[in-house]
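The structure under discussion appears below in the form of structure tokens.
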Amino acid sequence: MMRILLFLATNLAVLVIASITLKLLGVDRFTGQNYGSLLVFCAVFGFAGSLVSLFISKWMAKMSTGTEVISQPRTRHEQWLLQTVEELSREAGIKMPEVGIFPAYEANAFATGWNKNDALVAVSQGLLERFSPDEVKAVLAHEIGHVANGDMVTLALIQGVVNTFVMFFARIFGNFVDKAILKNEDGPGIGYFVATIFAELVLGILASIIVMWFSRRREFRADAAGAHLAGTGAMIAALQRLRSEQGVPVQMPDTLNAFGINGGLKHGLAGLLMSHPPLEDRIEALRASAR
């Protein structure tokens, strides 16, 4: 909770400074817009979506993947899964998350939840069937690393910030085009709406690059946490196994791609919009840290 409060306070200060700067520059005289009120409006709507998504993330993940939470283990594999997650959670200093299995042939796993002490860790049936116990443990350790690092909360807050700024500056641009260029004095016209939508599309792409950059950084941190909890050799072996299965069709819903362990097939400019680094880069980072 302290992380959320500090993050919100910091970004509130940034928003206030941005509003004051625009006022001092006299931008409001060109557009006749109250930027303080606009900032508040954009912040409310910008954060609302990302925070609501965060708080219902466990429910959404279960529904979209068909994850079955293990409350009472029915097989020795489920018993091993629960014991392994409990052991890793204890070592990471977090409460035991819910543990589930989702029906997918692809080898994948994800962690989600609004709080590191109220999370969900789930693995695919395909991963359990084809990976060795050490490799499964490494994947679980990677997901526990995400939970312990508070990555889900941080990603939601960053998304809220970029949402706010995209909405804010898109509306400034739209109003500037409408008032200062098209000289419309009769309230928001077609120029305002067209310019705002255009700006939101362009700024949205730039914002996605920022969010995905953070997402890729957190994957490296989660890999490092997985190596610490399960061993560097096991973590590298798990990533190598994932690399060998990259031809298997992805069944993870798009909304959960950023939270899965698998991903990162593109390089170059396309790689800027990927939630995961290429597996080769992740493996090399682990090898470099072990030297």
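Quick reminder: no glycine exception, Cβ is built from N, Cα and C everywhere.
Within Glu78, Glu86, Glu87, Glu219, the residue that Swiss-Prot lists together with His142, His146 for binding Zn(2+) is Glu219. One way to see the shell of the Zn(2+) site is to take the Cβ centroid of His142, His146, Glu219; the remaining same-chain residues with a Cβ within 8 Å of it are Ala111, Glu143, Gly145, Asp151, Arg218, Arg221, Ala222, Asp223, Ala225, Gly226, Ile261. Secondary structure at Glu219 (Zn(2+) binding site), as computed by DSSP, is helix. Remote same-chain residues near the transmembrane segment (193-213) are listed as 155, 158-159, 162-163, 165-167, 169-171, 173-174, 176-178, 272-275 (criterion: CB distance under 8 Å, separation of at least six residues from the stretch ends).
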